Ligand code: UT7
């Protein structure tokens, strides 16, 4: 019997119904559809409306779709990992909330906080549990309700982010399908340029932090952009080299959807034409942990067994990386 790899055997996704268009943003801040489209590629994003609705409300339909498509009951899930920076609460983990809501009685779980690279970190972590031989069904979800931490009077951030999420089921494979390799990196120095100032233990919530709007995303966009272009492209290029992949043998680039210009630069470094690049930023914006699995969800019908996929991300932390996946099934 061959070595155990973690194959993706099902994909699920969810985006809320409410569409926040560039046109509507024009009524909230001093911006234009033209500026947003040319600088980011985004036309609209989804917003989760309703009181007391957190990221778990996105994860639940994702988990249910995965179970339905794979024909399993939630009780068969061994482990749930949720990649998010917008957990329902600081604690317990959103994974705990989700396992309870879907009736995954036999699962344990935890959250991973790695911002826009969260899904890559979580996927690689989940794969280790499968490869150990002890776990048969590991669910990995990336989801964020970014609207909870966005200041809709700040034109430099509110035009970028949206709510949504998606996920995958990992199961053991002995024919080499699934996650083959990952390059994961971080540099805490980058926290200066992208973070949320208050609400953690260093600066707990107070009247002052609320008045100062310190519970929103703070981003120095230009600096983040510069690091994102360099590091995401580099990681994607390195994973190709390390696995003897060429621009011909890579079928899909599955990039984090932060800015179309960052995606284009990554594809260019890899020598890939536009047709090989998954792109849905125009419809969902940047859903942080959700972007990469949402691409897999949107493009699932076009994926064939044996396709070589390179996933790549860059985000807050800084965190970044790339993963190489051999797709495990044909469209159903
Ligand atoms: O996913 C997590 C990681 N995050 C990222 O990867 C995001 C990386 N950064 C970016 O995508 C881009 O930096 C942004 C989309 C955030 C901004 O685009 P940019 O081309 O870097 O613009 P900028 O910040 O350099 O601003 C250029 C100009 C400024 O005006 P002046 O100073 O030249 O007069 C801004 O005030 O554009 C102005 N501006 C806007 N104008 C209209 C900034 N935001 C807006 C806006 N509408 N929404």
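Just so it is clear, glycine is given a Cβ too, placed from its N, Cα and C backbone atoms.
Quick look at what TrEMBL annotates:
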ACT_SITE  116  active site
ACT_SITE  256  active site
ACT_SITE  286  active site
DOMAIN    110-188  domain 'Beta-ketoacyl-[acyl-carrier-protein] synthase III N-terminal'
DOMAIN    240-327  domain 'Beta-ketoacyl-[acyl-carrier-protein] synthase III C-terminal'
REGION    257-261  region 'ACP-binding'
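In three-state terms derived from DSSP, residue 256 (active site) belongs to neither a helical nor a strand segment and is classed as coil.
A mean pLDDT of 98 is what the model gives for the domain 'Beta-ketoacyl-[acyl-carrier-protein] synthase III N-terminal' (110-188). Cβ contacts within 10 Å of residue 286 (active site), excluding its own Cβ and spanning all protein chains shown: 24.
Break the domain 'Beta-ketoacyl-[acyl-carrier-protein] synthase III C-terminal' (240-327) down by DSSP state and the numbers are 36 helix, 22 strand, 30 coil.
Rounded to a whole number, the distance between the Cα atoms of residue 286 (active site) and residue 116 (active site) is 9 Å. According to DSSP, residue 116 (active site) sits within a helical segment.
Listed in sequence order, the residues of the same chain lying 6 or more apart from residue 256 (active site) and placing their CB within less than 8 Å of its CB are 116, 117, 232, 262, 286, 291, 292, 312, 313, 314, 315. Taken through DSSP, the domain 'Beta-ketoacyl-[acyl-carrier-protein] synthase III N-terminal' (110-188) splits into 26 helix, 32 strand, 21 coil. Just so you know, the Cβ of residue 116 (active site) picks up 32 other Cβ atoms within 10 Å once every protein chain is counted.
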